[in-house]
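Notes for the one structure printed next.
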Amino acid sequence: MSVQWGIELLKSAGLFFLHPLFWFFIIITLAFGYVRIKRERKTFHTRIADIYDDLKFTYTKGLIPGLLLSVILGGLGISIPLGLLAIIAVITAAAAFTLRANWMSAAYIVSVSMLIGFGLQIYQAEPFLERFPQGFAVVWPAVAVFLGLLIITEGAVAYRSAHVRTSPALVVSSRGLPIGQQLANRVWLLPLFLLVPGNGLESHLSWWPVFTVPGGSFHFLWIPYFVGFGQRVQGSLPETSIRITAKRVCILGLAVAVLGAASLLWTPLAGAAVCTALLGRIFLSIKQRVNDNAAPFYFSKRDQGLMVLGIIPNTPAEDLELKIGEIITKVNGIPVKNVSDFYEALQHNRAYVKLEIIGLNGEIRFDQRASYEGEHHELGILFVKDDREDEAVASGS
């Protein structure tokens, strides 16, 4: 028996890399990066990170959370039919074409897939069902719990890394003033180890799987599941806003998982879990946007000092350990309140730079370093500025 299980595990691992979504999302992720870079160059005449940064993020940041979720799914013995997995893959690919990660939330993808699967069962779509003989032998409570756990994982990965290297943007307020924003548009690969109903292995344990596998037999399947999170922030620091939303997503996922578990006793609660996930995620997105719009602009021009809107990697700004949201008040001992002042102050000492900074904790600190030939002329710092300041800096350089 152990040999058979080992063979099944090896086969499922090999199929992981043959899954169409694994390769499809390489193209999609590069497209995410291309669109981001194009927007950043249009606004700031430079990019924040290269196109491969999105690729590295997507294919590495979700590995450990995905494996942890797989352990939980395997321990519970949750089985997901092949037909439903096919629908999830198609809906995921369709959502990815929008290049908006917020549409790739598990609350949307899996909920819509469950509704489609339920509809196919209700209306007996024979041609489709015959293509997957056991593809829709669905234990709806198991899938509802699966949905809840996915949403919790989505919130966890967003809390952990969605705020990392957000993309800055500039817009014009209703008063005609430049306003800074931070955009998170992230996707994570979650490697999921699933049980799929079908001829293959049988459990000889009376307590496992917890969620019954129809027919009593199953096989293993590793799949690349892609989950997304998108958010625009202009009324606070991106880490603060994103982590608040991520916590709310985790709470939503917990509520969905509880409803899914309760549906073991009364199956219609699985439908309530789907509706809770779908409507709850929409509500959280609207709530975040309304609250953000109501808050005072965080990234705006100040009477004293320049607020850091973005930091280009591998530049002096990164060496100085500057953070988004900090305010630079003096450069080489000279007070600055616009980009022209900042650039002129740098010219007073081309070999050395000393900054006076108001940190995120409100305290003043000093950072300094040597300057070298060929380094970014603004230290790799992006500020909230208008076109006239761009022209002034260009003429000065």
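Each residue, glycine too, has its Cβ placed from N, Cα and C.
Noted in Swiss-Prot for the protein shown:
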- 279-363: domain 'PDZ' (DOMAIN)
- 15-35: transmembrane segment (TRANSMEM)
- 71-91: transmembrane segment (TRANSMEM)
- 103-123: transmembrane segment (TRANSMEM)
- 132-152: transmembrane segment (TRANSMEM)
- 187-207: transmembrane segment (TRANSMEM)
- 210-230: transmembrane segment (TRANSMEM)
- 249-269: transmembrane segment (TRANSMEM)
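Below 8 angstroms of C-beta separation, residues 105, 107, 140-156, 158-159, 211, 276-277, 280-281, 284 of the same chain, each at least six residues beyond the ends of the transmembrane segment (249-269), sit close to that stretch. Below 8 angstroms of C-beta separation, residues 81, 83-84, 87-88, 91-92, 95-96, 129, 136, 138, 140, 143-144, 146-147, 150-151, 153-154, 187, 226-230, 249, 252, 256, 271, 274, 277-278, 280-281 of the same chain, each at least six residues beyond the ends of the transmembrane segment (103-123), sit close to that stretch. Here the domain 'PDZ' (279-363) returns a mean pLDDT of 91 for the predicted model.
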